[in-house]
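Everything on this sheet refers to the single structure shown next.
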């Protein structure tokens, strides 16, 4: 029989065992068992920690990475060898050293995870950026993170500032760096990198303003991987106690870009767990369904609109998606109605809901296991080692002290800007972004609530709600609607459908029909673009 894990320690005095709330300090504490982290004083990179978790006996032949479009795969032995070889080129030929920032600008191609791990393994700082950004946006990002070199896809290189040294991925120069050359010295087996040193600089979403550069430490990434390793051991232990085999390593489809915190962390997790990542250069719903079927994908990280599409489009039912076991939801709130509709159509797929920020190195809270996943509308419980405060309405940002001061208070608390609450069992519920609340005649209207209602209508494929300026009311809730194919739903029907389900002040007052809702790569609605579109359309055309 497998050894039983020790029970989690009792909560400190004054902390409620169900919710984790301390009435004296008004702080919510994680009720999860603390993870098994290496000593903080031990020099270690995130890459070294990830590789230390791998079991060599199960790796040969298993793909680490697969290109969804071509089917080209890289096995774990080949992946590890490629990382070591490239790390040697970066150290010996390019002269990169710990703390040097390297901008990585490329779509989700097989070379990118190899490059990311090679950079982290020598203590260099990975700074992944969106390959479809403009030259002005790259100039802003470069001014913040100050990279000594940029690695760019051929189609992107010309958009980068001229003063930044650029190595084109796939070029002869890059090939020489990546080549295994017995005459070239290897990178040091262990570099003098503290866990508190910066491992990555990620750029936060620009949905409410100019992007900010967020510093993520090796310790941040190690804690994330440790959490997943602990969960894997728990699942294996429970399977052994039940006389069952533990589940095989996941095959994860990654339609989320690797420059986003969600995609970046998912690849890190996948490698540390010895799993397979199937990469998509850009999200396409039909292509994603084909990839799930072709590669027998078991895990899909996605934003809520993907669930809506899977429920509403017949193509999802025509495909063999029987391998799919888990969908990890992030990027935006998931409404109860959408979750329940999905569960009725795909009863064997577990929905793991989570919540995180770039500034928090990803996950803050998540559901764990089938029972917690039934808490529809919640993003789960606080992760190990985390605390939170609900207040009345990090390492910091790189090169932007003003933004850091506005986001991290004097006691070190990260202000997330979310309207949220905990229930008596410690489940966290995200209502909406404070900055996105619509102010109608003094009332606060959460657009996400109205979007969930609209998306439940069978004639609506997608929806977004924005504030429309009004002299009398201040702001009016305005809905942008994408009709389902064959649907002829009218503006009046849209407004009536919502009005029957909300208080009078939450009614949708304006409606516009569009072919698509603009979204960030992580699936967040780009409300600023819709506001500009609404103003340019003019009242007479609405």
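A Cβ is built for glycine as well, from the same backbone N, Cα and C atoms used for every other residue.
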Listed range which Swiss-Prot flags as region 'SBD2', given the options 178-221, 222-265, 354-397, 398-441
354-397
DSSP helix/strand/coil residue counts for the region 'SBD1' (284-353)
34 helix, 12 strand, 24 coil
Grab the CoA binding residues from the record (282, 441, 442) and give me their largest CA-CA distance in Å.
41
C-beta crowding around residue 358 (ATP binding site), within 10 angstroms:
23
The rounded CA-CA distance in Å from residue 282 (CoA binding site) to residue 358 (ATP binding site) is 20
Spatial neighbours of residue 262 ((E)-4-coumaroyl-AMP binding site) among the binding-site residues 204, 353, 441, 442, defined as Cα within 10 A: which are they?
none
CA pair residue 439 ((E)-4-coumaroyl-AMP binding site) / residue 358 (ATP binding site), Å rounded to integer, equals 27
If you draw a 10 Å sphere on the Cβ of residue 442 (CoA binding site), how many other Cβ atoms land inside?
8
Residue 442 (CoA binding site) -> DSSP, reduced to three states, gives coil
